[in-house]
Structures are given as C-alpha cells and as structure tokens.
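Participant: I have a structure here, written as structure tokens, and I will follow up with some questions on it.
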Amino acid sequence: MEILHDEDVDDSILRDKTIAVMGYGAQGDAQANCLKDSGINVVIGETEILGGNKNPSWEKAKEDGFEVLPIDKAAEKGDVVHILLPDEVQPAIYENQIKPQLKAGKALCFSHGFNICFKRIVPPEDVDVIMVAPKAPGTEERKAYLEGFGVPGLVAVKQNPSGEAREVALAMTKAMHWTKAGILECTFEQETYEDLFGEQCVLCGGLVELMRNGFEVLVEAGYPPEMAYFECVHEMKLIVDLVWQGGIKRMAEVISNTAEYGMWAVGHQIIGPEVKEKMKEALKRVENGEFANEWVDEYKRGIPFLKASREKMGEHQVETVGAEIRKLFAQK
C-alpha cells in the first residue's frame, strides 16, 4: 500500500469549510483541537444536559474555546459533519438530529466504519461519506500534534457525489498532522473488519484470556498470586514495548536465549492451528454481520452480558492482586 505524507496532500480545500465535530470525548477533543490549531473552523455538537445535569463534555468544549451547539444546530452549520460519538448511540442521533440537516454538497465523516459498513446508518446519495481513522488513542494523537509530529492514520471514501471527498478526507488528516507520520488509503470494510477482528482475537479478547488463563494455571499449581501476576500480566508491557519499538525479531534479540528458545519451542503448542481456525470463524462472524447484529441486540437489551462480564472480571483474583502490585510502582 502507498503511504501518503505532507508533500502528497493539499489541505487548502478546508479553508472555506466548517467542520462540525459531533461529540467531545477522547477522539472528539483531540481531533477538534488539532483541526482548530491548524486554522480550520470547527464547531462542536454536543448534548447540553445529561441526566438533569450539565454535560461535562459541553462545558469542557466551551472552556477549550469552541463554539458549542446542540447536535442538530452543529450539523446544520457544518460542511463536514464528523461523527465521533460511540458506535452504539450514533444511529439514533444520526436519524433524529443529523440526517434532517444534510443536503447535497455536505460530507459525513467517521473515524470507524461500523455503522456505515453494517448499514446502521444509510446516508443520502447526494452526501459525501468519508472516514479518517487515527491509529492511536486521542491522548497520544494530541500529544504528537503538540510535539510537532503526528500519528499514522487511515482514509476511506464510501460516497463521492461532490467529486472532492478524497481531497477533503486527506486534507483533514494533514491538518491534524497525521500525514507527518503517514496515511494509508483503505475501504470502510477493510478498516471495520480488521479493527473488530483485532480487538476480539488479539488486542483485547485474545490478550486478556491469555493473561487470565496463564495467571490461573500458576495460581492453581500453587504459585504465589503476586508472582503469577508479575509473570503473566505486569511484564506483558515490557514485551509489547519491545515489539512496538523494533518488531518481533528485535524483541527476540533482546530477551534471553532461554526465553527465545521457549518462545519458538512452546508458543506454537499453546496458540496452534486450532486457535487459528477459531480466529477464522471469528473473522467470518465479523464479515457476515453476525457479530454486529449480536452487539446491537445486546445494546438494545441494556448490555446485560457486558455488565455481568465487567462485574465478574472485577471480582477475579487477577484484578485484586493486580491492584496491590500496581501500588508498588506508585510514587510516594
């Protein structure tokens, strides 16, 4: 894939446009401030009152110097309507507050393709649909911008009736300094399917289960829980940092020969062909929409499984022991 940088992108197309950022959470905060600091006209769309109280996100956006409007008013004002709300709440807010404000020539922008990919949001045909997706959390994104650099990102175009959708999306990434690191062009489907697969099988689901099971095996074999936590959870960051810095090869060069031998001799016996087949099944469930339907149904029912899972993990010994171990690293 070609990687695009500053010299490949012209962001002047944004100079006469207003970007309405919907939501002022971690990504809304980071992206809106980066755009604003690059001279782009940005307004924030938020809910002013939540549960009878002032919405902290509304107040913070005002304190940060933004014009903050109700979501429908911001959508009306924006040439680019950039939806950075949680996936599960986007469809209802879009249908009731954003869709009535759309007209030909506007662009709908996302940082994750879930609702477009699975048709939870179906935009009008005369509206551009684009995606700008940073490959970093909001805090790191903003930190990199302030340091004069940026984070890598993805760009995708789903609809382009105006003929300038790609240019607008790329211009947004340049204004946020992502092109200083590098931009990859993809499709909504590629970003969505790979993101969900990675979260479920490797980064979140796979990693958590690997750590939890490793911890349990040691504890059940009679080893001290504190030592089990160090070996199976705490030291994970040390290894991941090495991979992040120089790849798997570099990590293997840095660890001891004993550790490397064990990695090659035993690792494939734990994560073997049968696990790979399970991963393939999970990918199919993502691609055919089965997982999306399951998650939407879970949300409609009040997230009972999610709540129960959170409670169960909170009570697990790995969490109670971990809380004590982390105190050892807290500065007094």
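Each residue, glycine too, has its Cβ placed from N, Cα and C.
Heads up, here are the entries from Swiss-Prot:
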- His112: active site (ACT_SITE)
- Tyr24, Gly25, Ala26, Gln27, Glu46, Asn55, Ser57, Asp87, Glu88, Val89, Gln90, Gly138: NAD(+) binding site (BINDING)
- Asp195, Glu231, Glu235: Mg(2+) 2 binding site (BINDING)
- Asp195, Glu199: Mg(2+) 1 binding site (BINDING)
- Ser256: substrate binding site (BINDING)
- 1-186: domain 'KARI N-terminal Rossmann' (DOMAIN)
- 187-332: domain 'KARI C-terminal knotted' (DOMAIN)
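How buried are the listed features, and what sits near them?
Facilitator: The Cβ of His112 (active site) has 21 neighbouring Cβ atoms from other residues within 10 Å, across all protein chains displayed. DSSP gives His112 (active site) a coil state; it is part of no helix or strand.
DSSP assigns Gln90 (NAD(+) binding site) to a helix in the three-state reduction.
In three-state terms derived from DSSP, Glu235 (Mg(2+) 2 binding site) belongs to neither a helical nor a strand segment and is classed as coil.
Here Glu199 (Mg(2+) 1 binding site) comes close to Gly205: these same-chain residues lie at least six apart in sequence, with C-beta atoms under 8 angstroms from its C-beta. Annotation note: Glu199 (Mg(2+) 1 binding site) sits in a helical segment as assigned by DSSP.
Contacts of Ser256 (substrate binding site) defined by a Cβ separation under 8 A and a same-chain sequence distance of 6+ are given as none.
Sorting each residue of the domain 'KARI C-terminal knotted' (187-332) by its DSSP state yields 124 helix, 0 strand, 22 coil.
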Participant: Mean pLDDT, the domain 'KARI C-terminal knotted' (187-332)?
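Facilitator: Summing pLDDT over the domain 'KARI C-terminal knotted' (187-332) and dividing by its length gives 96.
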Participant: Expressed to the nearest Å, what is the distance separating His112 (active site) and Ser57 (NAD(+) binding site) at their Cα atoms?
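Facilitator: Each residue's Cα considered, His112 (active site) and Ser57 (NAD(+) binding site) end up 21 Å apart.
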Participant: Mind computing the max CA-CA distance among Tyr24, Gly25, Ala26, Gln27, Glu46, Asn55, Ser57, Asp87, Glu88, Val89, Gln90, Gly138, which the record assigns to NAD(+) binding, rounded to whole Å?
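Facilitator: If we measure all Cα pairs in Tyr24, Gly25, Ala26, Gln27, Glu46, Asn55, Ser57, Asp87, Glu88, Val89, Gln90, Gly138, the largest is 20 Å.
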Participant: Looking only at Glu46, Glu88, Asp195, Glu231, Glu235, which of these binding-site residues has the biggest number of Cβ atoms within 10 Å around its Cβ?
Facilitator: Glu46
Participant: Just jot down the residues in the same chain as Gln90 (NAD(+) binding site), at least 6 apart in sequence, with C-beta under 8 A of its C-beta; none if empty.
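Facilitator: Residues satisfying the criterion: Ile83, Asn115, Arg120, Ile121.
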